[in-house]
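Engineer: Reproduced below are the annotations present in Swiss-Prot:
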| type | residues | note |
| --- | --- | --- |
| BINDING | Arg54, Thr55, Arg104, His132, Gln135, Leu266, Pro267 | carbamoyl phosphate binding site |
| BINDING | Lys83, Arg165, Arg227 | L-aspartate binding site |
Amino acid sequence: MLQGRNLIDPMDFSVEELEEVFSLADKIIENPKKYSKVCEGKLLATLFYEPSTRTRLSFEAAMLRLGGKVLGFSDANCSSVSKGESLEDTIKIVSGYTDVIAIRHPKEGAAEVASKHSYVPIINAGDGGHQHPTQTLTDLLTIRRIKGDFSNHTIGLCGDLKFGRTVHSLVKALSRYENNKFILISPKELKIPDYIKEFLNERNIEFKEVDKLEDVIGELDILYMTRVQKERFEDKEEYIRLKDTYVLDKEKMNVAKEDMMVLHPLPRVNEISTNVDDDKRACYFKQARFGMFVRMALIAKVLGVE
């Protein structure tokens, strides 16, 4: 039963509960009209303290397509935050007006703090470089619809694995399924955090760290590309030096498996060449579309209105 639940970390939902969300998302994809009024009279707040295109708009589109309404902000400077209002007070006020809150915040742990002060379910739409569980639901739904299941895959995660919250969440989620192996591809400056490696070691899950995509791309069933995130760097010269470390292009795709799938949480900068977009293995635009449907399912589940 997911009604009234928060989603702060991808591990907050059991495998069975995740399957409930994916099953409903599949039904919505097949017959969206059936669900077009289930959230009538309900309000979603989108509190975005950081910039967003896909996540914010897909949350808002999800609620509107369910028949609900949306309020919120996409620039904290246009709210009372600019006057010094605390996160805790903002949440107490907004949760009194609405039925569910999606929050993105630059500070790690902000969504957890919000959940302790809210009268309504909190959905973490990204907290700093920590977690991004609804992107993980999007990634998993895409894998499920294209690969059929979540087990027995070699998954390559490439790019900014240090600050890439989507990577951290996806590794944790896929570690719950059988016989998955991770290849972590990054420069030494952007290696995945130790706590994720400890998480994998504690569960005896196989992984290796490498710094060259071309050396391992032929092994992969799933390649998850990420951009190097300019906004996480204090040293802009280091960002410039690292930003084009990995570029997936046709030449590299020629070495990959015929059924490998390429995912990317978007936005991309230079890390996937546009000449890959027409490759049947490029799944990132489908992935973005599925994000709206999985958020529709999640909202319906936590509101108990399906």
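Here the Cβ of each residue, glycine as well, is placed from N, Cα and C on the backbone.
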Engineer: Distance check, please: Cα of Arg165 (L-aspartate binding site) against Cα of Arg54 (carbamoyl phosphate binding site), rounded to an integer number of angstrom.
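Structural biologist: Their Cα atoms are separated by 15 Å.
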Engineer: Whole-number Å distance between the CA of Arg54 (carbamoyl phosphate binding site) and the CA of Arg227 (L-aspartate binding site)?
Structural biologist: 15
Engineer: Determine, from DSSP, whether Arg104 (carbamoyl phosphate binding site) sits in helix, strand or coil.
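Structural biologist: The three-state answer is strand.
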Engineer: Relative to the Cβ position of Gln135 (carbamoyl phosphate binding site), how many further Cβ atoms are located within 10 Å?
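Structural biologist: There are 26 of them.
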Engineer: Other than Arg54, Thr55, Arg104, His132, Gln135, Leu266, Pro267, which residues of the same chain sit close to carbamoyl phosphate? List them in sequence order, counting a residue when its Cβ is within 8 Å of the Cβ centroid of the site.
Structural biologist: Ser52, Thr53, Ala125, Gly126, Thr166, Pro265, Gly291
Engineer: Tell me, in order along the sequence, which binding-site residues from Thr55, Arg104, His132, Gln135, Leu266 have their CA within 10 Å of Arg227 (L-aspartate binding site).
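Structural biologist: Neighbours among binding-site residues, in sequence order: Leu266.
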Engineer: Measuring CB to CB from His132 (carbamoyl phosphate binding site), give everything in the same chain under 8 Å that is also at least six residues away in sequence.
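Structural biologist: Looking at Cβ-Cβ distances below 8 Å from His132 (carbamoyl phosphate binding site), excluding near sequence neighbours, one finds Thr55, Asn124, Ala125, Gly126, Arg165, Thr166, His168, Ser169, Pro265.
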Engineer: Name the secondary structure element type, per DSSP in three states, that contains Gln135 (carbamoyl phosphate binding site).
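Structural biologist: For Gln135 (carbamoyl phosphate binding site) - judged by DSSP and reduced to three states - the answer is helix.
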